[in-house]
Amino acid sequence: MLRNQIDKIRLLFRKDRESYLCFYRILGFYPHNIQIYEQALLHKSSAVRSEKGRPLNNERLEFLGDAILDAIVGDIVYKRFEGKREGFLTNTRSKIVQRETLNKLAVEIGLDKLIKYSTRSSSHNSYMYGNAFEAFIGAIYLDQGYERCKQFMEQRIINRYIDLDKISRKEVNFKSKLIEWSQKNKMEVSFELIEQFLDHDSNPVFQTEVRIEGLPAGTGTGYSKKESQQNAAQMAIKKVKDQTFMDTVNEAKSQHSKPSEVETESVEPELTESETMEPDTLETEAPEAETTADKVETTVNEVEATETEKE
């Protein structure tokens, strides 16, 4: 409380107080370093650069915010649902931090109106709001620390916009989402049961691996094949947002398309070989052509000899 009063007094002497007030309405407290929050709202298409000429965007803050958000929501869910299994806690957390939910939360608190991006860029996508929300969480963490960041999530986000009991019961079909993504992007996705074992209570446990274009994209365990597939698909959905992984997938996909070219090239030597046999055929026929010519010449000589005798 005292800190906010001091910040209010300082704010009176700042030229950029409107920006501070804007963030205060979202956060419930005044930022210490407002530049971090402004950078959290810079999409990579904005083409903003630092004084040294380096591009400024929210991608690094997004990376940090993703990890912090997982930790905070995991903390909240763990304490809210005592006695629940790890699979239940993981699924509940995933429903909160999935991109669709974060997109909606960004709009709810007004971040969508503050994001700076280029309208001419094709990189503008449906995940931009959710990515900015993660970057915003990263900014809070750097500016205020973990506890203040957790307080923001509990008081300003979850208590206002998320019903934990309701969302924990909501079924999300991650496998269907992954298959839909694969069809849209023309990627080959497969699910493989790689292990089956018993837990300490002798309950059967299944482990499934998801492969995208033959590359491992996620593994999941569960007390049924369906549950293990869902958990594996959930991990894969997160994995496909990693650009480095997707570069590897696209390279693998391009390699898979090359065998047809190799097969086409392998036919050419056979055609060439058959073509090289034609001179042999001509050489074989050549003696026959010469024999016929000899016969004609012999016949002509005989006719001339006969005419000479008559004379």
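One is the number of the first residue shown, and numbering goes on along the chain from there.
Using N, Cα and C of the backbone, Cβ positions are placed for all residues, glycine too.
Annotated domain 'RNase III' per Swiss-Prot: 20-145, in sequence order. As annotated by Swiss-Prot, Mg(2+) binding site applies to Glu62, Asn131, Glu134, with the evidence given as sequence analysis. Under the heading active site, Swiss-Prot lists Asp66, Glu134, citing sequence analysis as support. Here Swiss-Prot flags 173-242 as domain 'DRBM'. The feature region 'Disordered' is assigned by Swiss-Prot to 250-311. Residues annotated as compositional bias 'Acidic residues' in Swiss-Prot: 262-288.
Features per Swiss-Prot, on structure.
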| residue | record | Cβ neighbours (10 Å) |
| --- | --- | --- |
| Glu62 | Mg(2+) binding site | 21 |
| Asp66 | active site | 19 |
| Asn131 | Mg(2+) binding site | 25 |
| Glu134 | Mg(2+) binding site | 26 |
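Summarised by DSSP class, the composition of the domain 'DRBM' (173-242) is 27 helix, 27 strand, 16 coil. Of the chain residues outside the Mg(2+) site list Glu62, Asn131, Glu134, Asn58, Glu59, Leu61, Phe63, Gly65, Asp66, Leu102, Gly130, Ala132, Phe133, Ala135, Gly138 have their Cβ within 8 Å of the site's Cβ mean position.
Mapped onto DSSP classes, the domain 'RNase III' (20-145) shows 82 helix, 4 strand, 40 coil. Mean model confidence for the domain 'DRBM' (173-242) is a pLDDT of 91.
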